[in-house]
Amino acid sequence: NCTQATEFSLAGFTGDPATQVTLFLLFLLTYLVTILGNLGMITLIRASPLLHSPMYYFLSNLAFVNLCTSTIITPRMLAGVLLGKKGMSYAGCMAQVFALGLFLITECFLLATMAYDRYVAVCHPLLYPLVMSPERCSRLVARSYLLGVANGVGQTLGMSSLSFCSSSSINLFFCDISLLISLSTSDTTLSLVILRTASCLLGVPTILVVLVSYVAIISTVLSISSAQGKHKAFSTCASHLTAVSTFYGALIFMYLVPRSDSSRGADKWAAVLYTVVTPMLNPLIYSLRNQEVKEVWKRLRKI
């Protein structure tokens with residue numbers, strides 16, 4: 001006698017009115033900075049010939065993915081914080097599962113591609129124009145999106161096979177796959193297989209590519225005799241390494257670190273980090289730490 005849930009209730013953060021107002025203003029400011037920063041980065045890269053290189057091509061796509069990820073999460077979260085709207089329809093929840101599955105995996109592959117790009121630039125600079133040709137860069141980005149779509153479709157199909165009868169309350173501010181699986185009253189074998197297969201085949205390899213690339217980069221940089229050469233090489237990779245550490249650190253804490261039910265409250269803030277904060281930080285990190293971007297900004301201000 002199962003009645004399929006037609007709506008899920010998102011717990012949000014707190015029921016205290018004063019805290020809700022503070023969180024609303026904080027998340028609204030974060031979202032506005034995210035929109036302006038990522039749109040500004042995309043526009044700047046497209047408008048300036050100085051930034052028409054593989055690294056900035058990947059960065060413009062990363063900015064687009066960050067913009068989409070934040071838009072999927074933050075407006076709905078703002079409505080929940082300000083208006084107390086905790087309900088989300090079943091169709092809306094499945095759409096969010098698909099979109100997050102798409103853009104999170106796409107971001108993983110873009111970050112891995114950018115790590116490989118930095119590896120070639122630092123370790124094999126003479127081969128860089130040949131290895132990172134425009135055609136190859138386009139194929140790498142296209143494959144990132146295709147793998148993201150494949151993950152989104154797979155996760156959504158896995159979710160659509162589940163039944164939700166006893167409980168439809170999600171202790172988070174968006175429809176998280178792992179929490180939905182734990183809420184289901186039907187056989188979750190297929191959904192778990194899809195989730196774990198995607199993690200092993202799509203998520204773990206991107207982490208390994210990043211780790212191997214930066215081990216090789218650090219090894220190469222340490223072999224440089226001059227301190228100025230070391231500083232220049234490290235500076236080209238520092239911004240990307242900062243973005244990667246923030247993004248993957250939050251994901252690993254959220255899904256791979258074992259913890260008790262009493263410590264699950266930290267999940268919300270880890271989720272905020274990779275769905276809300278990281279999309280805001282990426283354009284700031286790349287613009288503030290990148291000398292070429294600063295130079296383009298200065299030229300535009302003089303026009």
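Note that Cβ sites are derived from N, Cα and C of the backbone, with glycine treated the same way.
Going by TrEMBL, these are the annotated features:
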- 37-286: domain 'G-protein coupled receptors family 1 profile' (DOMAIN)
- 23-44: transmembrane segment (TRANSMEM)
- 56-74: transmembrane segment (TRANSMEM)
- 94-116: transmembrane segment (TRANSMEM)
- 201-225: transmembrane segment (TRANSMEM)
- 237-257: transmembrane segment (TRANSMEM)
- 269-288: transmembrane segment (TRANSMEM)
Contact set, same chain, for the transmembrane segment (23-44): CB under 8 Å, 6 or more residues outside the stretch: 13-14, 51, 59-60, 63-64, 66-67, 70, 74-75, 77-78, 81-82, 276-277, 279-280, 282-284, 286-287, 293, 296-297, 300
Among the ranges 94-116, 201-225, 269-288, the one whose Cβ pairs under 8 Å to the transmembrane segment (56-74) are most numerous: 94-116
Tertiary contacts of the transmembrane segment (201-225), as residues 6+ beyond its ends and Cβ separation under 8 Å: 105, 108-109, 111-112, 115-116, 118-119, 122-123, 147, 151, 233-234, 237, 241, 244, 248, 251
Beyond the flanks of the transmembrane segment (269-288) by at least 6 residues, Cβ under 8 Å: 27, 30-31, 33-34, 37-38, 40-41, 59, 62-63, 66-67, 69-70, 73-74, 77, 100, 104, 172-174, 176, 239, 242-243, 246-247, 249-251, 253-254, 294, 297
